[in-house]
Amino acid sequence: MQDLPWENHSSISEFILLGFSRDSQINAILFNIFIFLYLSTLVGNGLIVTLIHLDSRLRTPMYFFLSVLSMLDMSYVTTTVPQMLVHLVCQKKTISYVGCVAQMYIFLVLGITEGWLFSVMAYDRYVAICYPLRYKVIMSPWLCGTMVVFCGLWGVSCSLVYTVFTMRLPYCGPNEINHFFCEVPAVLKLACADTSLNDQVDFILGFILLLVPLSFILASYVRIFATILRIRSAQGRLKAFSTCASHITVVTMFCGPAMFMYMNPGANASPERDKKLALFYNVISAFLNPIIYSLRNKDVKRAFLKLTGQGRAPE
């Protein structure tokens, strides 16, 4: 059987993930915090998906995209957090070479897909506010499904470039990754070769995968705000803006730290800062998304009350 293209260049079979601390007491505290965040993320996002599936009033393009986002978030944290929790309570903190490659690739696929999904969600809000009478015609099920598939294919293909360019380098020791999972910037620091080409590739891909969708989002919201300002009623303007506020908050929490991480040259990177940034756009963002989207959303609250039998949605 032929070896994978990167396996011929490495003399190590596993990596050690250093995580956050070597102090067992600190790790015990972190374990309790992260298991709470992880389980809350699964419950919160799972509840969003369930409500959208069960309540016919939530079967609209906006909630379809929200359900996809929730599924991505659940998968995203599951790629990294369970292993991190094990390493917080166990002495052995290793991950195999192949496991590291797989984790890196899956993490990137989900992250890139989510980044582009945010631009699709911004377009959905643009059509809903700027062309309300044609909204259902423009945002047809076929178009919604096609855009989600595009986001997924973009994530799969670009993640392959990221992963191959990272793991084609020789890794001959040391094998200690100063991170809690196999993320590209942290792994690159262990390469026994010049990584300047990788820094350039990371910057170019970061531009394409972060700044391009952010430009689409910005363009959509410029048109949205121009339309909102033409609404005569103050209450109408507030209602239109409130439908966008959640999306803007989530995009800022996810894309800001990710852009700082992946568009910063490797030589300038700080391991401790990178871990905090990764926690923010991987764990904290996924934990807060269902809270942000449901806190001021009457439709979601109504569907939840209906599901629990505490109230009935008004006709």
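In case you wondered, yes, glycine gets a Cβ from its N, Cα and C as well.
Predicted automatically and left uncurated, TrEMBL annotations should be read as such.
Per TrEMBL, domain 'G-protein coupled receptors family 1 profile' is recorded for 44-293.
What TrEMBL records for 29-52 (among others) is transmembrane segment. Cβ atoms under 8 Å from those of the transmembrane segment (29-52) belong to residues 20-21, 58-59, 63-64, 66-67, 70-71, 73-74, 77-78, 81-82, 84-85, 88-89, 283-284, 286-287, 289-291, 293-294, 300, 303-304, 307 of the same chain, restricted to positions at least 6 beyond its ends.
The feature transmembrane segment is assigned by TrEMBL to 64-89 (among others). Listed by sequence, the residues of this chain that lie at least six past the ends of the transmembrane segment (64-89) yet keep a Cβ under 8 A from its Cβ atoms are 17, 19-20, 27-28, 30-31, 34-35, 37-38, 41-42, 45-46, 48-49, 52-53, 95, 103, 106-107, 110-111, 113-114, 117, 120-121, 124, 144, 148, 180-181, 282-283, 285-287, 289-290, 293.
Taken from TrEMBL, the feature transmembrane segment applies to 95-121 (among others).
Look at TrEMBL and you will find 142-165 (among others) tagged as transmembrane segment.
The transmembrane segment annotation in TrEMBL covers 203-226 (among others). Same-chain residues lying 6+ beyond the ends of the transmembrane segment (203-226) with a Cβ under 8 Å from its Cβ atoms: 112, 115-116, 118-119, 122-123, 125-126, 129-130, 154, 158, 161-162, 240, 244, 248, 251, 255, 258-259, 262-263, 265.
Annotation source TrEMBL lists transmembrane segment at 238-263 (among others).
For 278-295 (among others), the entry in TrEMBL reads transmembrane segment.
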Contacting positions for the transmembrane segment (95-121) when only residues 6+ beyond its ends and CB under 8 Å are counted: 4, 6-7, 10, 12-15, 17, 62, 65-66, 68-69, 72-73, 75-76, 79-80, 83, 147-148, 150-152, 154-156, 158-160, 162-163, 166-167, 171, 177, 181-184, 187, 209-210, 213-214, 216-217, 220, 247, 250-251, 254-255, 258, 281-282
